[in-house]
Amino acid sequence: MEEETSKLPLPDTFLDFLQTNGIDPLIYTAIESTPRYIRLKPGSEAYIEEIEAEIKCRLQKVNWLPGFYSLSPHIQIANSKPYKEGKIYGIDAASGAAVLALDISVGDHVLDLCAAPGAKLCMISDLLGDSGTVTGVDVARHRLAACRTMLQKYVLGDACRLFVADGTTFSLMPLRDRLDSISCEFALEEKKDTFTEWTSRRPWKERKRAARAKENAASRLVSETDHPELIFYGKTSGVVGLSKYELYKTVSSSEVSSSGYDKVLVDAECTHDGSIRHIQKFEHWGWETLNGRVLNAERSDNLTTLQVIEILFHCLWLLRVGGSLVYSTCSLTVSQNEDVIEWFLKENSSAALQEIDAAKDWPCKSGRIPKTLRFDPVTSKTSGLFVAKFKKLAV
Ligand SMILES: C[S@@+](CC[C@H](N)C(=O)[O-])C[C@H]1O[C@@H](n2cnc3c(N)ncnc32)[C@H](O)[C@@H]1O
């Protein structure tokens with residue numbers, strides 16, 4: 001997500017796309033570069049000079065975003081010691097803002113839908129510290145596996161569960177209180193078939209199941225009746241000690257209003273047109289491929305606007321009453337942002353657009369709908385990002 005440079009020779013087809021979508025081409029060409037951003041893992045503040053010496057670059061504190069620093073876009077951090085040791089991770093400042101919009105409080109149970117590859121999930125875990133839980137869901141197994149690697153590298157996975165699942169159907173509630181989910185009958189006796197502490201070396205049966213799921217994912221034939229595949233859980237995620245029945249039990253709609261998630265982030269798949277770095281890749285891939293990948297694609301990876309709205313509907317259902325839902329995309333098109341939320345609000349009397357309190361000092365613009373926000377490279381010196389926040393009302 002980190003941005004690099006601009007002055008791109010934008011092809012006519014892309015300029016037409018920008019014009020059709022009311023996006024100013026200057027966003028891509030007006031500035032020399034946007035900084036690279038990193039987030040310092042809490043606890044690493046004392047090592048800032050050491051980190052600067054290792055990456056051979058001064059870190060500039062991002063005043064509006066706690067824990068974030070900017071650095072020159074030309075600095076490569078991937079081979080540096082602090083990166084390998086998990087003291088810093090790359091995440092664009094606009095992505096950080098989408099996470100802050102959730103306004104995470106101690107003890108929250110957070111659902112990160114469309115979680116992979118996981119920079120936002122890491123930040124959510126960081127913000128939760130030792131309290132609450134985070135559930136990451138993504139339909140792409142290989143991407144979610146990368147997310148698991150990140151959590152393990154940054155030692156942020158203790159309260160985390162990762163499920164391969166489709167966001168239009170994922171229906172598992174947070175494990176608010178582990179004892180809640182253990183029936184007396186089970187609690188009194190030694191349970192069989194319970195989840196023991198996570199190990200990357202899975203029993204043969206589970207590995208076979210994972211291999212089957214991988215095959216299904218490859219052929220995109222995900223069985224509707226299959227449970228979401230749990231590919232990681234931490235020791236305080238509530239999973240350890242549960243039986244499969246307990247983990248996968250579903251609840252009624254009336255129970256969801258009190259036992260649902262406190263916060264949900266839907267960082268939807270989009271055409272990525274807000275990311276200069278993504279657009280830059282077409283110089284290498286060939287501008288002619290832009291047609292198939294961005295211009296003709298309503299959404300990338302076949303995720304249509306209708307599916308995104310379906311995911312939003314479903315996520316609203318998964319929230320407890322009074323909980324918050326944040327929708328973000330790295331597209332700057334109205335069709336993937338304001339149009340989506342307009343439709344969502346029209347069809348949902350239990351969703352109300354909310355002011356993002358944390359945004360007072362953020363260097364961004366209002367979207368076309370009041371209370372929505374837009375980051376772009378020129379205004380914000382970040383990657384392009386749209387953010388909207390909703391509250392679930394009792395109806
Ligand atoms: C923009 S990326 C998310 C980036 C991520 N939040 C982060 O911070 O690294 C969108 C993700 O949505 C996932 N996705 C697409 N369709 C989905 C669906 N129907 N259900 C769940 N995830 C989906 C994609 O696999 C992709 O990983």
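A Cβ is built for glycine as well, from the same backbone N, Cα and C atoms used for every other residue.
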Worksheet item: Which of these, Asp138, Asp177, Asp193, does TrEMBL say binds S-adenosyl-L-methionine at the same site as Asp166, Asp267?
Response: Asp138
Item to complete: Note the Cβ centroid of Asp138, Asp166, Asp267, the recorded S-adenosyl-L-methionine site, then list each other residue of that chain whose Cβ lies within 8 Å of it, in sequence.
Response: Leu113, Cys114, Ala115, Ala116, Val137, Val139, Ala140, Ala165, Gly167, Glu269, Ile311
Worksheet item: If you skip the near sequence neighbours and keep only those at least six away, which residues in the chain come within under 8 angstroms of Asp267 (S-adenosyl-L-methionine binding site), Cβ to Cβ?
Response: Ser95, Ala98, Asp112, Leu113, Cys114, Ala115, Lys120, Ser328, Thr329
Worksheet entry | Three-state secondary structure, Asp138 (S-adenosyl-L-methionine binding site) (per DSSP) | strand
Worksheet item: Distance between Cys330 (active site, nucleophile) and Asp166 (S-adenosyl-L-methionine binding site) at the Cα atoms, whole Å?
Response: 20
Worksheet entry | S-adenosyl-L-methionine site span - longest C-alpha distance across Asp138, Asp166, Asp267, in Å | 14
Discussion item. Just to verify: the residue among Asp138, Asp166 with the fewest other Cβ atoms within 10 Å, which of the binding-site residues is it?
Written reply: Asp166
